[in-house]
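Peer 1: Taken from TrEMBL, the feature domain 'Myosin N-terminal SH3-like' applies to 8-60. Look at TrEMBL and you will find 69-763 tagged as domain 'Myosin motor'. Residues or ranges marked as ATP binding site by TrEMBL: Gly163, Glu164, Ser165, Gly166, Ala167, Gly168, Lys169, Thr170. Under the heading region 'Disordered', TrEMBL lists 599-631, 1106-1145. Per TrEMBL, the feature compositional bias 'Polar residues' maps to 600-618, 1116-1130. The region 'Actin-binding' annotation in TrEMBL covers 643-665. Annotated coiled coil per TrEMBL: 915-1105, 1155-1231, 1323-1357, 1410-1437, in sequence order. As annotated by TrEMBL, compositional bias 'Basic and acidic residues' applies to 1136-1145. The feature domain 'Dilute' is assigned by TrEMBL to 1532-1808.
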Amino acid sequence: MAAFELYTKFARVWIPDPEEVWRSAELLRDYRPGDKALLLHLEEGKDLEYRLDPKTKELPHLRNPDILVGENDLTALSYLHEPAVLHNLRVRFIDSKLIYTYCGIVLVAINPYEQLPIYGEDIINAYSGQNMGDMDPHIFAVAEEAYKQMARDERNQSIIVSGESGAGKTVSAKYAMRYFATVSGSASEANVEEKVLASNPIMESIGNAKTTRNDNSSRFGKYIEIGFDKRYQIIGANMRTYLLEKSRVVFQAEEERNYHIFYQLCASAKLPEFKMLRLGAADRFHYAKQGGSPVIEGVDDAKEMVHTRQACSLLGISESYQMGIFRILAGILHLGNVGFTSRDSDSCTIPPKHEPLSIFCDLMGVDYEEMCHWLCHRKLATATETYIKPISKLQATNARDALAKHIYAKLFNWIVDHVNQALHSAVKQHSFIGVLDIYGFETFEINSFEQFCINYANEKLQQQFNMHVFKLEQEEYMKEQIPWTLIDFYDNQPCINLIESKLGILDLLDEECKMPKGTDDTWAQKLYNTHLNKCALFEKPRLSNKAFIIQHFADKVEYQCEGFLEKNKDTVFEEQIQVLKSSKFKMLPELFQDDEKAISPTSAMSSGRTPLSRTPSKPTKGRPGQMAKEHKKTVGHQFRNSLHLLMETLNATTPHYVRCIKPNDFKLPFTFDEKRAVQQLRACGVLETIRISAAGFPSRWTYQEFFSRYRVLMKQKDVLGDRKQTCKNVLEKLILDKDKYQFGKTKIFFRAGQVAYLEKLRADKLRAACIRIQKTIRGWLLRKKYLRMQRAAVTVQRFVRGYQARCYAKFLRRTKAATAIQKNWRMYVVRRRYRRRRAATLVLQAYLRGHLARSRYHKMLREHKAIIIQKWVRGWLARTRYQQCLHAIIYLQCCFRRMMAKRELKKLKIEARSVERYKKLHIGMENKIMQLQRKVDEQNKDYKCLMEKLTSLEGAYNSETEKLRSDLERLQLSEEEAKVATGRVLSLQEELAKLRKDLEQTRSEKKAIEERADRYKQETEQLVSNLKEENTLLKQEKDSLNHLIMEQAKEMTETMEKKLVEETKQLELDLNDERLRYQNLLNEFSRLEERYDDLKEEMTLMVNVPKPGHKRTDSTHSSNESEYTFSSEIAETEDVPLRTEEPSEKKVPLDMSLFLKLQKRVTELEQEKQVMQDELDRKEELVLRSKAKEEERPQIRGAELEYESLKRQELESENKKLKNELNELRKALSEKSAPEVTAPGAPAYRVLMEQLTSVSEELDVRKEEVLILRSQLVSQKEAVQPKDDKNTMTDSTILLEDVQKMKDKGEIAQAYIGLKETNRLLESQLQSQKRSHENEAEALRGEIQSLKEESNRQQQLLAQNLQLPPEARIEASLQHEITRLTNENLYFEELYADDPKKYQSYRISLYRRMIDLMEQLEKQDKTVRKLKKQLKVFAKKIGELEVGQMENISPGQIIDEPIRPVNIPRKEKDFQGMLEYKKEDEQKLVKNLILELKPRGVAVNLIPGLPAYILFMCVRHADYLNDDQKVRSLLTSTINSIKKVLKKRGDDFETVSFWLSNTCRFLHCLKQYSGEEGFMKHNTSRQNEHCLTNFDLAEYRQVLSDLAIQIYQQLVRVLENILQPMIVSGMLEHETIQGVSGVKPTGLRKRTSSIADEGTYTLDSILRQLSSFHSVMCQHGMDPELIKQVAKQMFYIVGAVTLNNLLLRKDMCSWSKGMQIRYNVSQLEEWLRDKNLMNSGAKETLEPLIQAAQLLQVKKKTDDDAEAICCMCNALTTAQIVKVLNLYTPVNEFEERVSVSFIRTIQMRLRDRKDSPQLLMDAKHIFPVTFPFNPSSLALETIQIPASLGLGFIARV
């Protein structure tokens, strides 16, 4: 295809631009031959007519397709030219933040001016062992390639790092050396790699300075040879330096500094040890202040000084030498302050007692006067005489500066010498890798001698580079057997000849320096005469006669001749040197010793120095003239010699090129200046590499890659079985010009542009296919849409018509309904109106008739009342008149009668005074006296009768008197009682009166209270209404507050739960970290043991290590060792010997002091772990309590919870009592074993009866507790009631007091209501108590029944146990106890099923009881062991006493004693599960069972773990014999033998897996049969009989656990070494889903020398290998939990390695690769399901890889996509997410790149995420392993020992 055919419409081209160098444009119409211009459309939117050169007709450069932009290798670009290279570098640097790019064999490194996290040890480990093209470009990839080629080809290597100042050469060289130091390690115990790295701070301090282009510019070139031994471990290094810029010591340009060391000294001047230097601020010294920029931003010179001194100490430079160095440097600074005063034009002087010079002389130890004299004078020697001539001030100043430069150069050489001595090794160097850090091509406005030397060196390096590139191209073509023609490339040999040939520039310069009156002008004229118009590369400037121009390979450079001769001579006065040599300061003369040598490489350099010899040359004797002659060698001559030596070294090595590019002159991070970049690309030879590649066949594809990529261009009939023939047939059809491609053996070679043409065909084909697919899909979608719309229309019509019909029917119904409603409504309205009127009429009539009736009634009532009033008034008036009359009559009668009485009284008074009256009275008296005499007589008679009667009656009277007296006394008593009763009656009457009075008062008060109550009622109603309103408001507020409180409580609960979960996770992580550190410590300990053994073998054998050949050691060895930190795990052990030597050697126990210290640390960590665990438990309980407090309500906190808690306590006490009873049964059964135990008098019978009585007593106690419980329930319920409720009082006294108070207050009515409510509450409580008591009684009946059943079971158990042998009784009892407790747990689980909190609290209490019981059992076990030991001792003593007594008894006495008949039962042969062996057979046992055992035969034919069982049975027998020496010896031999086997066959997975399984089984056996209760739970009774009885092997269990950890780590390393080569190929490179991922051009990055002959691994290979591992572990009987941990570790390795490679491979970050990875991960998950390992945690280890694959496939455009990515990728770090997005590369044109703005959005969203800044996962990380106890059900006595093991010398016991 012709080139012009590619210039079609929409094709993109590059056109020159003065600002951007190259600008992209798009063709608006096709180009036709003969067109004079192209119509272009710029990216800015403008149209441009681009005129073609009429002479050359050269078309603009075509732009590469977008999918090729950003490639790792510039040679992968289809169009190879300057704009394509520049654009590709800019896209990678700016958009993808990638600073490294391959350009064929060159690594282009762009200085980012920013710290990047791509140089850590994880990155080093990722690149270690990888081919150069397998990973993204990196300085580590170049270093790995050099290291690998050195080991494989046994050829020395060189890494040439070049670039201009500020491009990052020094940093790149430093990282390369760090890589070698990390991957190789050192062969000696001294850390040589640390010394190599420590040389960098020293050389930077004395050789680096701040320039306008770089803050840490290296002002000298250096070539460091890193030496390696036969094992390819670093043994030392050697440094050669070039072109030290001495002029910087005395002069610095604006904004520049002197060397860093001067400013470091000034910053540390206040240190005590620096007081003697008399330094100060840097601006006080002339040599440090000329640049005006003494401080570098972000650099602390004082801290840098500390680092420099530390590096010096590490390299063996003593403190005295360091202080000497600082004295000399301080002297140089003070020398710069020495000033001169002119006497005249030809002489000068120094002021007397000049302080700077005095300080200089004091520091240098020289005489002040002598130095002062020779600074102002010089010595001139002629043939006959010697003159001392004064010099001018300018000459003196120049001499002073020359002396300062000379001293600094000598000091620099001295330091380099000592650094080389420190890095020198006594071991013979086998090979080396050289790192050359030298100036790149330089051109400034004013170029002098320094630039000339630098560009001369770059010409030589460029020539070597061109030859190497051409050689590689030629080798590639010859290897592929394709015809090739000589490629025309730029040969700069003419330029080199111009400089170094005879009569060249350097030769003429040296000749002019020898002339007495030679000047720069005369030298310039000689140059013009010799080379002008004779050499095309030499030109003369038009306007200058003191300059010349040389056409270098990079650019034309104009050099100013001024200063060339002086710099080439580098004149220093000999007298000043002699003064310094006579110094009292011992170090100073050492600096000038090499001046006296025959060859002095640096004696006369002005701006550079020759390399130091690796071995110092001895001084040779010669004539003074000869020495002076040698002393006058020019700098140019020396530099030419050193450059030739360097080129010889480079030509003898395999070079690797690193070209450093400075992106801008302002040190801005990730800012790309196209002009500066192009200038450097042209200068460094990258474009020349591109041109050479473009001249041949730059694009190269393997046949398989071509077929995979361009399969779409082939038809089905074109695809043949032979891929090579298929590709040939297709290419002949696609590209007609056969010169555009060539077929090699394994590759197809294409000319420039052909891949772009193929890509265009492929894109057109895919576009056509896409259009067809789109057409079909769109037609199908539209057809589907039409059918859906048709169905929808029919459905809508159906629904609309139905809706209309329904609406019409509804209208008819509504019309009919409306008519009916109107009819009824009208009827209703009329009827209602009629009824309303009728009712109104009736009401009116009723009111009217009532009014009339009431009127009549009131009238009649008034008349009736009036008549009554009249009647009463008239009667009252008549009675009043009558009474008045009566009163008047009576008064009149009284008055009349008074008057008549008065008259009668007068008459009586008058008669009394008269005689007649007395007479009348006397007559009457005589009659009366007579009458009285008669009466007296009659009375005397009566008296006599009466006296007679009296005497008769006197007796009766006496008796009657006595009787009456008694009656009287009785009556008196009655009278007293009556008086008392009367008093009481009076008091009662008074009280009654008082009560009546109180009643009256109460009535009045009641009336007042009622009035007040009415008022209060009204006020209360008003208040209630107000309170109701307030209450509603308060309720609302309360609801809102409650809602807020609930939310806060919920948030607090969630926060506490999250915090608890986080703390739990943190504690788990801390525990895992501690376990990991401990296991890493064990790993380090085992490594040290192996190292110790190796050293011991070397010391004993003293044999050279065999030549490794091409085999490379593990390059990650040293880095792996430094990855781990150390700690300890949970254990405690004593000093036990862990290793033994060979059987023939003497056994020497290993020193265990370190191990014991570690074990002590283990104990401390165990305590810390226990404290953490207790704290965790406490926090969990606090959380549970807080939850309970939030969920409980006041009514729940009442009697029911108290009752449940009391019930649980009751059940717990019952369990304890039953356990105590069970223990008593056990004791009783153990005391007696005869059948008579069941007799009524037997102890067991008595115990049983006591249990029955205790059960009855227990029931009584329970009844009492029930009563107590009832009272507690009542009190609890009263306590639960609110305190402000005054109506719930039940106490009578309190009630009476309250009634009295309420009575006093007038609140009787309220008290009565409260009393009623109280009665109701008491009744409800009584009913609830009654129900609860009934429930309790029912529960107690059930408990009584269960106790009866339990008692029956106990009796049955007792009867059964009595029939069993003694050994089985305890076992049966325990089994029964376990069954009972299990049932009890099930019962409580059902009981608390509805309340998980109660069940949880019950479980916690149960666990605590179990722990207490276990502790008690452990204490009892220990006591039993002690007693057994004592019993054995006593039995032994008793046996000895019995033997002694038997010896004293005669035989006759023995015969005379009665012999008691004994029943001797026949005992069957019963093995005890022990193996007996002799002490001398121990080594044989270990040899046959461990050292010479083949795991495969044991795993296939015998039971798993058989060696472990055999060893444990031997240990059991030694324990049975109580032979501690035998136990210790056997265990120690076993452990050491296992270590020897693993050391010998440690790379065999089967061996390591076998011994890991057996070690774990041996450990489990030691635990299972240790006699500890915690390990005996799953044992049978027979297994419990096999427990160890004499020794506690807990310490050896810890040693075995450590050994198992070491074996596990070795197993992980073995499987990692097996899986490592498969992972990248199987998970990333192999296409499991064919056709999903396309292949892009790869260029030259996969060099032939880097590609090893390895088989292609697939995902099936990985799965088969995983299945193989799993089957081997299962065959060996490995514990399932351990298999899960191994699976987790394997999957972590797969995920970590895959993700790390994905993050370091730009070609793998595409959408199709993400699908491929997800499919591969699903296959791994399916493997886990097949193996039942889904719960092993292995799947979780793949989560970062899964998320990375998802990240490759999700949309990456909008903010929503960014948010989704941030939420999805929680297992990836921010650095990993950004890296994947930066690396995302479209495989096809239809994919889009991730925009820079989107990546910045992701970074902004993730800026608050706190995660590790580490980019790569730690693929070497090993999860901490645990060994869960796994008891064996295999009975030891059933194990048979096969004869194949050769263990016939042991016997079963």
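Every residue gets a Cβ built from N, Cα and C, even glycine.
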Peer 1: Using the recorded ATP site (Gly163, Glu164, Ser165, Gly166, Ala167, Gly168, Lys169, Thr170) as reference, state which further residues of the same chain have their Cβ within 8 Å of the centre of those residues' Cβ atoms, listed in sequence order.
Peer 2: Asn111, Asn214, Ser217, Ser218, Gly440, Cys660, Lys662
Peer 1: Sequence gap of 6 or more, C-beta under 8 Å: which same-chain residues meet both conditions with respect to Ser165 (ATP binding site)?
Peer 2: Thr211, Arg213, Asn214, Ser217, Ser218, Tyr439, Glu442, Lys662
Peer 1: Would you mind checking how many other C-beta atoms are within 10 angstroms of the C-beta on Glu164 (ATP binding site)?
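Peer 2: Taking every protein chain into account, the count is 23.
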Peer 1: Just how many other Cβ atoms lie inside 10 Å of the Cβ on Gly168 (ATP binding site)?
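Peer 2: Cβ-Cβ neighbours of Gly168 (ATP binding site) within 10 Å number 24.
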Peer 1: For the binding-site residues listed here (Gly163, Gly166), tell me which residue's CB has the most neighbouring CB atoms inside 10 Å.
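Peer 2: Selected residue: Gly163.
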Peer 1: Please list, in sequence order, the residues in the chain of Ala167 (ATP binding site) that are at least six apart in sequence and whose C-beta is under 8 Å away from its C-beta.
Peer 2: Ala109, Asn111, Gly440, Cys660, Ile661, Lys662, Gln680
Peer 1: Please list, in sequence order, the residues in the chain of Thr170 (ATP binding site) that are at least six apart in sequence and whose C-beta is under 8 Å away from its C-beta.
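Peer 2: Long-range Cβ contacts: Glu204, Asn208, Asn216, Ser218, Asp437.
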Peer 1: Around the Cβ of Lys169 (ATP binding site), how many other Cβ atoms lie within 10 Å? Please give the count over every shown protein chain.
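Peer 2: There are 27 such Cβ atoms around Lys169 (ATP binding site).
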